[in-house]
C-alpha cells in the first residue's frame, strides 16, 4: 500500500472535513449547522488525523506538498506549501482532541446562549486558522493562519459585547498582537529581499546569522505568546467565555508564537544573541506571571497567569536551543491546561457565575469528578512525577541545570517553578477544601455527560500524554544523561518547597480578615504596576506628540508664521516704513508716467 | 500695420492713458487696467494663429489666471481704502497721512 498517498490524503481529508460546516450551508438552504454537527465534525477530523500520525510513528515518513502558486511577481515564488513533519503530524491530533472535548463542553456551557451556533462556527473558524498555521511550510501561509487566529480571538473575547470590559479586553488583544505582526512582517520583508523566498527550508543560514529578522520573529512571539512586555492581553482575555479561554488562550493560539520560533529554529540556532534574548525574556515572563498569580482571587485569572508562566518556560526552552522539548511541553500543556479551564467552567456554572475563590470552598464533596480532575490537572501542572507535565517540565529543568547559561535565568525559572506549586496548591486548597463559603442555594449539578466526558477524557490525556509521546518519539538532540543527584532532584525539591510554603500560607489565611499591605503583596496584586504605567504613559505621550505635530507645528507655525501670514507681515513692515516717505500725489505720479512713456516713444521714431 | 494689430495696439494705448489720467475714482483706474489686460489677451491669442505654432496657445490662459489674481488684489485694495477713507476719491488719499 502506498503509505505516502495515504498520509497526504488523510491529512487533506482532515482539513476538508473541518471545512464542511462552513461550505455546506452556503450550498443548500436545508443544511443548517447545529452545535452537535460541528462537534461531530471535529470528532471525525480527530479520528481521521490519527491515521497520518500513526503512519509517521510507524515509519517516520514526512511529506511536503505544494499546490497552486500565487503568481503575481515574476521571480518570487509564493506557493501554498504544506509541511507534514513531526510537529504538524503530532499537533493535529492533539489540537483536534482538545477542541473536540472543548466543543462538547461548550454545548453544555453555552446552552442558554441564543447564538450558540454562531459561537461554534467561530470556534471552528479559529480551529481551521490554527491548523493552517501549524501545517504551513512558508511564512505566507503561516501569516494567513496567524492573522486568522488573531481575528477570531478578537471576535471570541468580545462574545458578550454588551460588557465594556470585554470590549476593552478584545481591543487590547488585537493591539498587542498587531505589535507582534510588525515583527513578523519585518522578518518576511527581510527574507523576501535578501533570500528571495519565504519557504522555511530555504532559510537556514550557515554561520553569520543576521540579527534583524530574528528580532522580528522574537517580537512576533513576544506578542502572540504573551511574554513580558506585551503580556497584559492574556489575563484580560479571560473576559471571554470559558470554552474560548480553554481553546484559544491555553492550548492553541498562544502557542502560535512559540511554534513560529520552533519552525524557524535553523535560522537562529547559531546566534547566541538571539538565544540569550529568548532565555532571559522567557525567564522574566515566567517569574513575572507566577508572581502575579500568587495573589489573584479569580479562578480563571490564576489559570491565565499559569498559562503565561508556562509560555515563558517554553520560551526558555527555545533559548536553550531545544525546540523539540518546547514542542513536547506545548503538547502536554494543552491537555492539562484545557482541562483546568473546563473544570473551572464547570465550577463557575455550578456556583451560578461565581468566579472568586474566596467564595468557594469544600467543593470536593459536592463536585467530586470535577474537583478530582482539577487535582489531576494541578498535579500535572506542577510536574508531579510520571504525569504528563513531568516528562516535559522535568526535562526542561534538567537541561537548564546542565547547560552553560547565565545564573539569572536559571534562578528565575527555578523560583517560578516553586511559585507554580504555591499558586496551584493555594487554588486547590481554597476551592476544594476547607469550610464552605458559597451561598446555600446554588444550581450545583455536574451530572451531565456533556460536562463529565470531556473532562475525564482530558484527564486521561493529562496522565498518559507525556508517557505516550516520549515513548514514540526519538529526541533529535541527546538529553543530558548524567548529573549529580541534587541537580536531578532540583525540580521536585523546589516544587515540594513551594507546596510546603503554600500549606503554611493557607494556615495563615483561614480567618477572613483584610490582608496587610506591604510592598511585595502590592506588587503582586497590581500585576507589577505594568498595566497603568504602559497603558496611560505611552498613550498620553503619543497623543501629546500628535497634537504638537499636527496643530502646533503644522497649523500654527508653518501655515501662520512661515507661510502666508509671514509673507504678509514682511510686506506690512516694508509698507509701514514706506508710508512715512510717501506724499500720496497719485495723479502727479501717473501723469509723469504717461509723459515719460510719450517722450520715449517719440524719441525712438 | 494691419488692422488687427491696430485694434489691440490702440486699445492698449488708450487704456494706459486712461490709467494715467484718471481723475476722481480709483475704480476707473482698475477698469482701465482690465482693459489693458484684455488687449494683451487678444494679442497673445493672435500670435500663435499668425505664426501657425500650436505650443504657445496656452499662454493667454496663463495670463488670464494671473490677471484675475491681479484684479482681485486691486478690488481688495479698493475695498480697504473705501473702508478707511469713506470713498474711493483719490484726493482723500493723503489726508490721513501722519
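Glycine is no exception: its Cβ is also placed from the backbone N, Cα and C atoms.
Any TrEMBL annotation is an automated prediction that lacks curation.
Matching A:208-229, A:274-295 against TrEMBL, the residues noted as transmembrane segment span A:274-295. Using the rule of three or more Cβ pairs under 8 Å, pairs at least 6 apart in sequence, the transmembrane segment (A:408-429) is in contact with the transmembrane segment (A:274-295). Outside the transmembrane segment (A:173-192) by six or more residues, the chain places 76, 139-140, 143, 146-147, 150, 153-154, 157, 198, 203, 210, 212-224, 230, 232-233, 236-237, 257, 260 with a CB less than 8 A from a CB of the stretch.
Remote same-chain residues near the transmembrane segment (A:242-262) are listed as 87, 91, 95, 98-99, 102-103, 105-106, 109-110, 119, 123, 126-127, 130, 133-134, 142, 145-146, 149, 152-153, 156-157, 159, 180, 184, 217-218, 220-227, 234, 278, 300, 303-304, 307, 311, 314-315, 318, 323, 326-327, 330, 333-335, 337-338, 340-342, 344-345, 348 (criterion: CB distance under 8 Å, separation of at least six residues from the stretch ends). When Cβ-Cβ distances below 8 Å are used as the criterion, the transmembrane segment (A:274-295) is approached by residues 209, 211, 214-215, 218, 222, 226-229, 231, 235, 261, 268, 301-302, 305-306, 308-321, 405-406, 408-410, 412-413, 415-416, 419-420, 422-423, 426, 521, 523-525, 527-528 of the same chain, each at least six residues removed from its ends. For the domain 'NADH-Ubiquinone oxidoreductase (complex I) chain 5 N-terminal' (A:70-120), the DSSP-based tally of helix, strand and coil residues reads 29 helix, 6 strand, 16 coil.
Mean pLDDT of the predicted structure over the domain 'NADH dehydrogenase subunit 5 C-terminal' (A:423-603): 86.
Between the transmembrane segment (A:40-58) and the listed ranges A:6-28, A:142-161, A:450-473, the one holding the most Cβ pairs under 8 Å is A:6-28.
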